[in-house]
Amino acid sequence: MDLHNIRADYTKQQLSKKECDANPMKQFERWLNEAIMAKVNEPTAMNMATVIDGKPTSRIVLLKEVDQQGFIFFTNYQSCKGWAIALNPYVALTFFWPELERSVRVEGIATKLSEQASDDYFASRPYASRIGAWASDQSQVLSSKRTLVAKVALLSAKYPLFVPRPAHWGGYLVQPTKIEFWQGRPSWLHDRICYWLVENEWLKERLSP
């Protein structure tokens, strides 16, 4: 399959180092808000990469909260990503908003949220999602879809109203050490503004495209 001629020229916006906030988390919130306002498809979706024994793997997860501490998501602790983080907490996140010709790359360290924080978020989820957290042995081989459906039925009967949070399910905070903002530009001369955390202070620089 010849894909050589599939390309796009990015012309929508540019990114000035001077106009970027000194705090990359504030800059990220600004861009995320703009993605939401532009009705970007799945603006909170992020590719998360982990590494075990030098072997990287990645998957799409949803950002559920962002603040000055970092990026928060929730998952099954016994999933592949949960085991990976337990062995190596260094992760990378990538957001891609093609409608705005923008991307954000994050490198950081993932740590578990408190049980209270995980309880609070779990309680806010739709009933079916809470049942699903119990029913799914995430990333494990499933004999058939029928087995999963039957398990959901049993759990729904067991928890008709209140569904407690499973101990194997909860949240992570990714505390960033590096954040790069990418804005597509014509002729592949893209704008790249990168922040590094150095002795608890953010250093901001422009990178070559």
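The backbone N, Cα and C atoms fix where each Cβ goes, and this holds for glycine too.
Copied over from Swiss-Prot, here are the features:
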type	residues	note
BINDING	R7, A8, D9, Y10, K64, Y121, R125, S129	substrate binding site
BINDING	R59, I60, V61, L62, L63, K64, F74, T75, K81, Q138, S139, W182, R192	FMN binding site
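Where Swiss-Prot records a feature, it is marked here on the structure.
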residue : record                 : DSSP class
R7      : substrate binding site : coil
V61     : FMN binding site       : strand
K81     : FMN binding site       : helix
R125    : substrate binding site : coil
S139    : FMN binding site       : coil
R192    : FMN binding site       : strand
Hey, which of the binding-site residues A8, V61, L63 is the loneliest by Cβ count within 10 Å?
A8
Are there residues of the same chain, six or more positions away from R7 (substrate binding site), whose CB falls under 8 angstroms from its CB, and which are they?
none
Please report how many Å separate the Cα atom of R192 (FMN binding site) from that of Y10 (substrate binding site), as a whole number.
14
Listed FMN-binding residues R59, I60, V61, L62, L63, K64, F74, T75, K81, Q138, S139, W182, R192 - what's their greatest C-alpha to C-alpha distance in Å?
36
List the binding-site residues among V61, L63, F74, K81, S139 whose C-alpha is within 10 Å of the C-alpha of Y121 (substrate binding site), in sequence order, or say none.
F74
Between the binding-site residues K64, R192, where is the Cβ count within 10 Å the lowest?
K64
R59, K81, R125: which of these binding-site residues has the highest Cβ count within 10 Å of its own Cβ?
K81
Nearest to F74 (FMN binding site) by Cα distance: which of the binding-site residues A8, D9, Y10, K64, R125 is it?
K64
Report, as a single number, how many Cβ atoms besides its own are within 10 Å of the Cβ of Y10 (substrate binding site).
20
C-alpha of Y10 (substrate binding site) to C-alpha of K81 (FMN binding site): distance in Å?
34
Alpha-carbon spacing, K64 (substrate binding site) to K81 (FMN binding site), which is rounded to whole Å:
17
List nothing but the one residue from S129, S139 whose Cβ has the fewest other Cβ atoms within 10 Å; the candidates are the binding-site residues.
S129
